[in-house]
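**Q** Pulled from Swiss-Prot, these are the listed features:
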{"type": "SIGNAL", "residues": "1-32", "note": "signal peptide"}
{"type": "DISULFID", "residues": "Cys42-Cys57", "note": "disulfide bond"}
{"type": "CARBOHYD", "residues": "Asn60", "note": "N-linked glycosylation site"}
{"type": "DOMAIN", "residues": "69-217", "note": "domain 'Cupin type-1'"}
Amino acid sequence: MAAFGIKSKIFQIMEMTILFLFAISIDRYCFAADEDMLQDVCVADLHSKVKVNGFPCKTNFTAADFSSFAISKPGATNNKFGSKVTTANVEQVPGLNTLGVSLARIDYAPGGINPPHTHPRASEMVFVMEGELDVGFITTANVLVSKQITKGEVFVFPRGLVHFQKNNGKIPAAVVSAFNSQLPGTQSIPITLFGASPTVPDDVLAQTFQINIEDVQQIKSKFAPAKKF
């Protein structure tokens with residue numbers, strides 16, 4: 001009986017330890033989008049052949065690795081969407097590696113749109129520098145949360161939710177976006193579905209959107225994958 005009691009206590013301790021470790025892991029993922037930094041700086045070696053979740057550290061770095069004019073000028077908006085996203089993430093600012101933050105600038109022509117998209121690795125906060133925008137995100141319960149925002153205003157898009165911005169004004173608009181990830185990633189819904197390479201099967205898209213295959217092919221022609229040379 002004594003031996004049984006000892007074993008029972010051991011199992012109780014093991015259960016408590018497992019639950020404690022599980023709680024820690026849940027807490028970690030609730031508050032962090034990227035892995036925590038383990039050293040003062042880890043400037044990304046963007047040319048390394050080593051593949052890790054992130055980028056390996058460069059041996060030598062300078063102040064230039066922590067600085068960039070990437071978003072200092074408006075982006076060209078003469079395209080099919082009338083908008084341009086210019087990023088300042090770890091790929092432009094190697095010093096952001098392991099820091100869990102990045103920025104982007106988005107410029108919109110009058111009538112321009114940043115079409116529905118998601119950021120799988122980050123939440124986003126936009127600050128309106130010029131103009132006004134109709135913005136919104138859609139919850140997993142298919143509820144649209146939308147608002148018109150103007151110069152000086154901020155708006156938050158939760159991580160992973162589909163969202164958009166549309167300039168319905170008569171003048172250009174611009175925002176700065178902040179992310180809690182060094183590389184938030186972007187999936188544009190129309191481009192992802194109709195411009196993937198290899199292409200998503202026509203019958204899949206036809207049944208999904210309840211349209212015929214000819215319509216699918218017509219839409220795909222507008223989002224043809226870019227040729228790789």
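Using N, Cα and C of the backbone, Cβ positions are placed for all residues, glycine too.
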**Q** What does DSSP give as the helix, strand and coil breakdown of the domain 'Cupin type-1' (69-217)?
**A** 22 helix, 58 strand, 69 coil
**Q** Report the mean pLDDT of the predicted model across the domain 'Cupin type-1' (69-217), rounded to a whole number.
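**A** That region's mean pLDDT is 97.
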**Q** Mind telling me which of the disulfide-bonded residues Cys42, Cys57 has the densest Cβ neighbourhood, counting other Cβ atoms within 10 Å?
**A** Cys42
**Q** Within 10 Å of the Cβ of Asn60 (N-linked glycosylation site), how many other Cβ atoms can you find? Include all protein chains, please.
**A** 6
